[in-house]
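Trainee: Next up is a structure, given as structure tokens.
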Amino acid sequence: VVCLVAYHIFFMLFVWSYWKTIFTLPMNPSKEFHLSYSDKECLEREPRGESQQEVLRRAAKDLPIYTRTMSGAIRYCDRCHLVKPDRCHHCSVCDKCILKMDHHCPWVNNCVGFSNYKFFLLFLAYSLLYCLFIAATDLQYFIKFWTNGLPDTQAKFHIMFLFFAAAMFSVSLSSLFGYHCWLVSKNKSTLEVFRAPIFRHRTDKNGFSLGFSKNLRQVFGDEKKYWLLPVFSSLGDGCSFPTCLVNQDPEQASTPGSLNSTSKNENHLFPAKPLRDSQSHLLTDTPSWADTGGKAEKGKVGMTNPALTMENET
């Protein structure tokens, strides 16, 4: 009875999280990131280069974006005609931009991103527990198979196959689940591991990491009672994220009150632009920074290069 109850609990949680991972639609950038009709016309009229970047900078000046392309240009998707939010990428399979895209998973036929990343993690966890439970309960009969302790029927081959299948899936799932646990602890996505996010001051592979506790809360939320259930509880809206930057950005001006705290602590947590209410509490007890919206100094990467072009990122 105990084994049957445990089996069905693991099975139901596994199916529930798998269902949510498959049928939760990936979130796309909100309409504020889409270019207006006039901006689209200006972008089409201007030759590729600094003039187009000026149009994009004007369109993105009030948006909560902080990352750039490798050349320092505004991240723009010419297929969706929008300024890409931070951690947003265009999926070539779905043919649309996905917020906080991690990867496109063929096993669930869906993009894994901001809207269903928690469900994907729980799917890996419960499928691993499900396979481990099957392998553990089948182990004694697997041993009897090799010691000729089972009746000579066709069922004994089913027992052998079941144990091998559960054990092999457990090994592969444990490595994948461990990898994504590491990603959560570092607040990274799979795409950001292969290509570190580029901020306006420099490339920073840990730019979005706020520490283990806050990184975990950003994915699973503040209420622990929802952590193990496949219900959406992630913080934020997927369009803006708190950042942890060691050095002050040249385009960011500090407030008078924050100048004194700069000498005390070199690590500062501050948002690129105003964050949503559900995210701002992750940056409590930290210096506040405001974007003056001024132009960058000459010589900054990608700002004075006349051959500057927009880069399309996948």
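Cβ from N, Cα, C; glycine included.
Heads up, here are the entries from TrEMBL:
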TRANSMEM  6-25  transmembrane segment
DOMAIN    74-193  domain 'Palmitoyltransferase DHHC'
TRANSMEM  119-137  transmembrane segment
TRANSMEM  157-179  transmembrane segment
REGION    252-314  region 'Disordered'
COMPBIAS  252-264  compositional bias 'Polar residues'
COMPBIAS  280-289  compositional bias 'Polar residues'
Trainee: Is the transmembrane segment (119-137) packed against any residues at least 6 beyond its ends, judged by a Cβ distance under 8 Å, and which are they?
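Mentor: Apart from its flanks, the transmembrane segment (119-137) reaches 3, 6-7, 10-11, 13-14, 17-18, 20-21, 24, 102, 105, 108, 112, 162-163, 166-167, 169-170, 173-174, 176-177, 180-181, 184, 219, 228-230, 232.
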Trainee: In the same chain, who gets a Cβ under 8 Å from the transmembrane segment (6-25) while lying at least 6 residues past its ends?
Mentor: 105, 108-110, 112, 115-116, 119-120, 122-123, 125-127, 129-130, 133-134, 137, 228, 230, 232
Trainee: Is the transmembrane segment (157-179) packed against any residues at least 6 beyond its ends, judged by a Cβ distance under 8 Å, and which are they?
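Mentor: Answer is 121, 124-125, 127-128, 131-132, 134-135, 138-139, 141-142, 145, 150.
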Trainee: Could you give me three numbers for the domain 'Palmitoyltransferase DHHC' (74-193), the DSSP helix, strand and coil residue counts?
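Mentor: Split into helix, strand and coil, the domain 'Palmitoyltransferase DHHC' (74-193) gives 66 helix, 16 strand, 38 coil.
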Trainee: Summarise the model confidence on the domain 'Palmitoyltransferase DHHC' (74-193) as a single mean pLDDT, whole number.
Mentor: 92
